[in-house]
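As recorded in TrEMBL, the features of this protein are as follows:
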- A:18-37: transmembrane segment (TRANSMEM)
- A:49-71: transmembrane segment (TRANSMEM)
- A:91-111: transmembrane segment (TRANSMEM)
- A:166-186: transmembrane segment (TRANSMEM)
- A:217-240: transmembrane segment (TRANSMEM)
- A:252-279: transmembrane segment (TRANSMEM)
- A:288-313: transmembrane segment (TRANSMEM)
Amino acid sequence: MSQDPTVRVERWTLQSRISILAAAIILAILATGPFFFGNNAIDKLTTLFIYVILAVTWNALAGYGGLVSVGQQAFFGLGAYAAVRLADAGLNVYVSLVLAAVIIAAVSLPISSFMLRLRGGEFAIGMWVVAELCHLLVNLDSLVQGETGTSLIALNAYDADTRHALNYWVALGSMTAILVILFVLLRSRIGSAIQAIRDNEEAAASLGVRVMGTKRIIYVFAAFGAALAGALWLSTAITFQPKTYFGVQWTAYMIFMVLVGGLGTFEGAILGALIFFLIETWFGGSGVWYLIGLGATALVFSLFVPRGIWGWLERRFGLGLLPLGYRILGVPSATRMQTPDDGGIGAAPSVGTP
Amino acid sequence: MSSHSNHEACLRPNRRQLMAGIGAGGLMLATQGRAFAAGADNIIKVGFVSPRTGALSGFGQTDGYVLDLARKSLAKGLAIGGKTYEVQIIDVDTQSDPSRASQLAKSLINSDQVDLILAISTPETINPVADAAEAAGVPCLSTVMPWEAWYFGRGAKPGAPSPFKWTYHFGFGVGEFYKMYVSQFGLIETNKKVGVLYPNDADGNAIRANLVPLLEKSGFTIIDPGAYEDGTTDYSSQISLFKKEKVEIFNSFPIPPDFAAFWRQAAQQGLRKQLKIAQLAKTGLFPDGVEALGSLGYNLGNNAYWHKTFPYTSSLTGIGGEALANGYEESSGKQWTQQLGATLSLLDAGFTALKASTDPKSKADIAKAISTLNTVTISGKVDFTSGPVPNVSPGPIVGTQWVKAAPGSKFKLDFVVTDNATDSKVPIAAKLLPLNG
């Protein structure tokens, strides 16, 4: 196509330039938050940033990579556990949080070499088994004392206001880093490769895509994100009780955020995190009905709005806030590329959107 | 994209702005919450955190009644140092979820700006709340979980100075369990062989590590088939080991569904006939769970951190044990539980500390008042001046038994005190009956 002088490939549109600028401005404003907001707002926004990390990294794995995992709590819990261990060894608490995520990303590399041999449902359940295994192993540590757990009391060295602000900045910085890394990954060859693998692994391999290596990159990235989220959650909760961190509810939350926001769309995962955060704030007190409501909503979305709210908006209004796909301009409409529209996990939202 | 007209393209930013506006508005509402309720200086706010729904709801089911009593007593305010303060108790339900407990504690601290937090029942409720309070510098008082799991389970190290400045806990620990078991197991002539069924969880592991060596020193032979996972459904191997070893005493710290499964199998496979004492903990604390076992629930031994025959009076409400239990039975139609007194004792201790503080609007003053608290609540003595570690005041746990209620009783079972090794002021109501007697 590139030989045809009438055809142009466009990545940056005016709309996407404006939205990147807007995103940068919003992040810059958020960075000044601790100077203006009260402790309550700071705490809640920190929670929101952690939810965004969880949603975005699960979406990277499932929405872009087609690797549906119900065991991401393995890395969430290990991240928190590694932070407890590092802080206990005398490392600065905030250094421990980030270093813990790096260590767990390294740990996920050997795990990936056998988990990625599994496909579809086998991979999903296999990850759950890994999570249970990690939980049991962590319980054996005498520092954790089984389910009794321990607490990150090293944080008490900081007074309450400093700790709130530091938690907030570390969470905001981590979220920004995760978003930037994913953005760069998706715009690179890896982005196209991983989506090709998701849509058809054999076809991608036959075109020369390095299947295992590409999957591994996205897997380790998702593990890093979940571990970072776990460590950050520990910094806000302080209490480390293994059952809480290795609970499958974390993955349920990730699935909810991504399904409702928009599977396989960059903006959708962020929107999903925001929606989940608001729902939790408003309805979290209603107990069992809140959980039933979450489940029913996720069900309705997966059945009737498989591309989530953002996927629907994107299609309805032709939105494309981020320059992740390719726009092919100047092609007669008859020969224009069509987006495959099979819904669910196989849907390819960004690449190739005409 | 190209199928849309330029006209529409011009409208798009507006839609986005609208969306962004809705999002920002929602965020403002969500993050501000109840911030407007921030305190005036003649109002004392007390947060009360307990599990009212979910897996631990048995602990929280009586809280509504006890909180009503406390609010009635406080309706005219609380006089401290010549000034009368209005008191607000803000009670919240953790839904038995530690993450939610932590978030609720933070919201009590940040939006409601409470002066004191009271937390009750199980490590899943208390530890996250205490950690949030300690980190924020808000005084927190708690009860009803083994103090070792509260103190060492939150990162304190044996022998090191206490890392906690703001959080305090009172109530039973492993030492009290040990005293009570030795006394209770000695009430009936047995071969002193104890079959133990301890799960691989927080309580099970703590009890195996700390209690078993003490019992062995006191001359008991412990038959331990090893840790089992919560949720196990087949106990044949443990039962056959207990039968082979001819154990006459049984002790377990199970979750309720596991015990129900074990106990039915034990009856079917002939273990129950051989036992003289079956001493439970953690399960069977409340009457509804034991009633569910039918006739297999009779004569099960248990323990109580409060009983309606405790000879103490509530310092906050002025009522005694019998009155508390009867009042609850009348108002709810349900049988009294040991949690009634525990909840009231926490309120007793909390408000005694508030009264003892020089300035109840100063968090440091409240914490100081708790650290020197030495008072008597409806569940007995609370004394932080002489605990095994700072921040902890150990409390009694008495041996009890579930027996078939006398004819004409409103309820099927009666819960009687059989041992008082940890608080001799509690009257012993009955002699421990052999399980198969």
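Yeah, the Cβs are placed from backbone N, Cα and C, and that goes for glycine too.
Please treat TrEMBL annotations as automatic predictions, because they have not gone through curation.
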* To do: Please indicate, using numbers and ranges, the residues of the same chain that are 6 or more beyond the transmembrane segment (A:217-240) and have a C-beta under 8 Å from a C-beta there.
  => 43, 46-47, 49-50, 53-54, 56-58, 60-61, 64-65, 67, 69, 72-84, 93-94, 96-98, 100-105, 107-109, 111-112, 115-116, 144, 149-153, 155, 167, 170-171, 174, 178, 181-182, 185, 190, 194, 250
* Asked: At least three Cβ pairs under 8 Å linking the transmembrane segment (A:49-71) and the transmembrane segment (A:288-313), pairs spaced 6 or more in sequence?
  -> no
* What parts of the chain pack near the transmembrane segment (A:288-313), using Cβ distances under 8 Å and only residues at least 6 beyond its ends? -> 252, 255-256, 258-265, 267-268, 271-272, 275, 279-280, 319, 343-344, 347, 349
* **Per Cβ pairs under 8 Å, the stretch of A:18-37, A:91-111, A:252-279 packing most closely against the transmembrane segment (A:166-186)** => A:18-37
